[in-house]
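> Questions regarding the structure given below will be posed in turn.
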Amino acid sequence: MHLNRRSRIALRLAMALGLAVLYVPLLVVLLNSFNASRSFAWPPTGFSLRWWQAAWQEPGLRTALWTSVRAGLGATAVALVLGTMAAFAATRYRFFGRQAVSFLLILPIALPGIVTGIALNAAFRTVLTPLGIGFGLFTVIVGHATFCIVVVFNNVSARLRRLPGSGEDASADLGAHTFQTFWYITLPAVRGALFAGALLAFALSFDEIVVTTFTAGPGTQTLPLWIFDNLARPNQGPVVDVVASALIVLSALPVWLAHRMSAP
Amino acid sequence: MPGQMRTVASTITNENGFYLVSGVSSARRMLGIYVVMTVTLSGVSKKFGAVRAVDGVDLEIRSGEFFSMLGPSGSGKTTVLRLIAGFEEPTTGTVQLAGRDVTRLPPFDRDVNTVFQDYALFPHLSVRQNVEYGLRVKRVAKAERISRAEQALATVHLEGFANRSPAALSGGQRQRVALARALVNRPSVLLLDEPLGALDLKLRLEMQSELKQIQREARITFVFVTHDQDEALTMSDRVAVFNAGRIEQVGTPAEVYERPATPFVAGFVGTSNLVEGETAAKILGSHGSYSVRPEKIRILPPGTAARGDEVAAPGRIADVVYAGAQTRFLVDLEAGGRLTALRQNRDEDGDEALRHRGAGVVLAWRRTHTVELTQAN
Ligand SMILES: Nc1ncnc2c1ncn2[C@@H]1O[C@H](COP(=O)(O)OP(=O)(O)OP(=O)(O)O)[C@@H](O)[C@H]1O
Ligand SMILES: [Mg+2]
């Protein structure tokens, strides 16, 4: 493509601006976490690791992080099992109402989180509370699973639709029973989609706040809930910056990995 | 079982009887065990929605024979193969293997293996793992698995390729892997869906003779789908000609070629002249539909009297088509209609042949080479 000098400059400026909008706020947070001053003073007055140390010693933060990891892993596990099975049913078997089931499965991701939250809250209250199961980690996992299933379902069914059925036919032809075919042939073919779906599901669960608010009991605090709580508190601002910085690095890692794996 | 008894009888009265009987291994003969595996379809139909893919097919395939299913695209060949393998259930009718009704059995409970048209190799497994797959899922011990896989790869001349990925193979090599993967299970019946369709002509001819040799040595019943009539004629013991979900004729290649039963078979297997109506009445002395192969027709100078056992028809050469080894003469008959006569270019070259255009001739052929056709039902 041929561009004249002026449009080339304009294009570069636009790109720089775009990147700036995306990354300057992140950079500010990163720098702030090493800021020696207490009160977001700008420019930073000096370099210090005291906030990182403070964050490390904050017991509420550690508990919240651990809760979030468990909620994320739990929701992802549920989503992997149910989402994969649903994807199989919807792509490999013909049954009455197949289209409707696919639609109903995808719907929750489009519903506002607050609607899902209210609905789940009401449902748990009427179903689980009489059984003696209170609000806590379990209800958070179930809540998160509602949208995590969709992610896995979408990824896996997209892959299955592009996978020719002849591999599964060949496997059955060679004497493999249904489960063997699934284990040896289909699963390896959808492994990438499962991995991507799991990563996305975990990420969604990890930063979810609206549904969590309605499904977590008073004693259960995930990391986003903790951040939300502490942002407004005096003296906790820099610690929140530390958490945010850690999350930036942690989430950049899988994205970078996925990017590298999909590059030729 | 009645099905099996009938099979044995038909095997022995078959004109290829010598080959079929000698096809039972000497070890089995000594033990007195005749394993006669057949495929029997009775009144099989398969509908997909409103489409009748297979429409009332009766078929008996004999043990150890090379059986081809020939027909145009969409005539139901693949569907019949899938019904035998168990990927589809017939809408009506039954499928028997070795006299046992398998109509409702899934593919993994049937003693047949398939070589798919697109090969359907497992992309994430190596060539060796592909070939071993059938043994692995049947929990055959590792040592035996390895030796049988090696043997199967040797059969298809792919000894050095065991550790490659299927993606790193040529089309012909993939085809051989697919064959080895099926053969390693020692099935009684091997189903092949246009296995040579994707290969170029030279490789195709090579693989044709290799397949035939493997079939003879392994003594496996081959059910071979093709839409290439030359392939069907040269390789098969018997051929079934399919048209629109039905079988028009089953017979040896010579029967199907020399004595086509219907106009469709006459036109689809080789080229054929159709003589019917007034023309037939004038030349052959009776109304009806008849077929004459172009290569059976002699071209004689005008006024020549035909031999006693021959039919003769005067006419004029309307066109001459030179085709290398042969020349086709299109002759307009005085009795009406146009016939094609084929002549080997043994004495004449192309230019000489082309000069005959417009000349008067007499066409003559043996009465027995006139084949009466029945209209398709
Ligand atoms: N799964 C299916 N659903 C609907 N129609 C089908 C299905 N499979 C086959 N058909 C139809 O059944 C008919 C026979 O198809 P089939 O694949 O058996 O033909 P074929 O003889 O193998 O043709 P080809 O030489 O092109 O492979 C076709 O009209 C085809 O469109
Ligand atoms: Mg086909």
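Using the three backbone atoms N, Cα and C, a Cβ is placed for every residue, glycine included.
TrEMBL annotations: computationally assigned, not manually curated.
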> Which stretch, out of A:10-33, A:130-153, is listed as transmembrane segment by TrEMBL?
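Checking TrEMBL against the ranges A:10-33, A:130-153, the transmembrane segment one is A:130-153.
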> Should anything in the same chain at least six residues away from the transmembrane segment (A:65-89) have a Cβ under 8 Å from its Cβ atoms, list it; otherwise answer none.
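Distant Cβ neighbours of the transmembrane segment (A:65-89) are 95, 98, 101, 105, 137, 140-142, 144-145, 148-153, 156-157, 160, 182, 186, 190, 194, 197-198, 201-202, 205-206, 212, 220-224.
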> Using a Cβ-Cβ cut-off of under 8 Å, list the residues of the same chain that are 6+ residues beyond the ends of the transmembrane segment (A:130-153) and lie near it.
67, 70-72, 74-76, 78-80, 82-84, 86-87, 90, 105-106, 108-109, 116-117, 120, 124, 194, 197-198, 200-201, 204-205, 208, 211-212, 214-220, 222
